């Protein structure tokens with residue numbers, strides 16, 4: 001089978017093959033990508049240069065913006081090129097590389113969101129211990145662990161895909177190289193690989209999700225005990241932006257990977273994939289900019305300086 005397999009590229013079917021839609025789609029996604037990069041880079045620069053944002057919450061926010069700018073750049077430039085040139089072919093090595101980069105960065109984001117929820121838990125539920133628990137060295141270690149865990153989570157899948165023997169056809173019904181569509185291109189039995197991937201995904205993702213969920217349950221319980229409505233509002237406002245980001249992220253990811261992979265539901269799966277890979281990286285910095293007073297103040301002082 002390995003000698004018979006001469007496939008060196010796959011075709012990303014994307015969204016539409018109608019010639020009349022290619023330029024409008026190119027312009028739409030170009031605007032989204034430009035705004036995404038500008039918004040996330042602005043957050044990173046603000047966190048780095050504004051002394052009022054030199055706090056653990058904003059340090060993690062800067063890391064989150066780096067991650068989202070990174071995985072947007074692994075998908076959108078190739079998608080934009082296909083709209084502009086009509087060439088949807090991508091080499092199998094570039095396809096696996098795209099999956100590896102995207103999977104690593106999204107895995108790191110999952111861990112970082114859990115770290116950010118823990119930061120908010122300590123700030124609201126254990127405020128007297130906040131300075132001791134969230135020291136600069138501890139924050140750096142937590143951020144580094146998030147990045148490293150993302151790459152470790154995807155290493156096994158990348159290794160399996162690299163040794164996979166491709167069959168025919170080579171049409172991949174997606175707009176980027178995700179694991180499940182790539183697995184379908186194999187001409188051998190991949191049931192064991194799929195099972196091991198499911199177990200590894202649960203091992204890496206479920207504890208982070210449970211930590212995030214538990215942190216917010218504790219936060220909500222603590223806020224409900226605050227006697228004054230002003231105090232409750234002030235405490236909840238410090239984590240509301242992050243709560244929206246977490247809800248958007250896990251809400252769309254759960255739909256993408258829980259929905260059965262059928263011909264009827266595949267367009268819906270593609271739509272939700274578009275939401276968490278393209279729309280969410282643009283929405284998150286806007287949410288933090290609009291909802292967070294310190295970020296708004298830093299933006300105003302930067303533009304008026």
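Using the three backbone atoms N, Cα and C, a Cβ is placed for every residue, glycine included.
These features come from TrEMBL:
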DOMAIN    39-288  domain 'G-protein coupled receptors family 1 profile'
TRANSMEM  23-49  transmembrane segment
TRANSMEM  56-76  transmembrane segment
TRANSMEM  96-118  transmembrane segment
TRANSMEM  139-161  transmembrane segment
TRANSMEM  192-219  transmembrane segment
TRANSMEM  240-259  transmembrane segment
TRANSMEM  271-290  transmembrane segment
Handout entry: Averaged pLDDT score, the domain 'G-protein coupled receptors family 1 profile' (39-288)
Key = 85
Completion exercise
When counting C-beta pairs under 8 angstroms to the transmembrane segment (96-118), the leading stretch of 23-49, 56-76, 192-219 is 56-76
Handout entry: Range from 56-76, 192-219, 240-259 with most C-beta pairs under 8 A to the transmembrane segment (23-49)
Key = 56-76
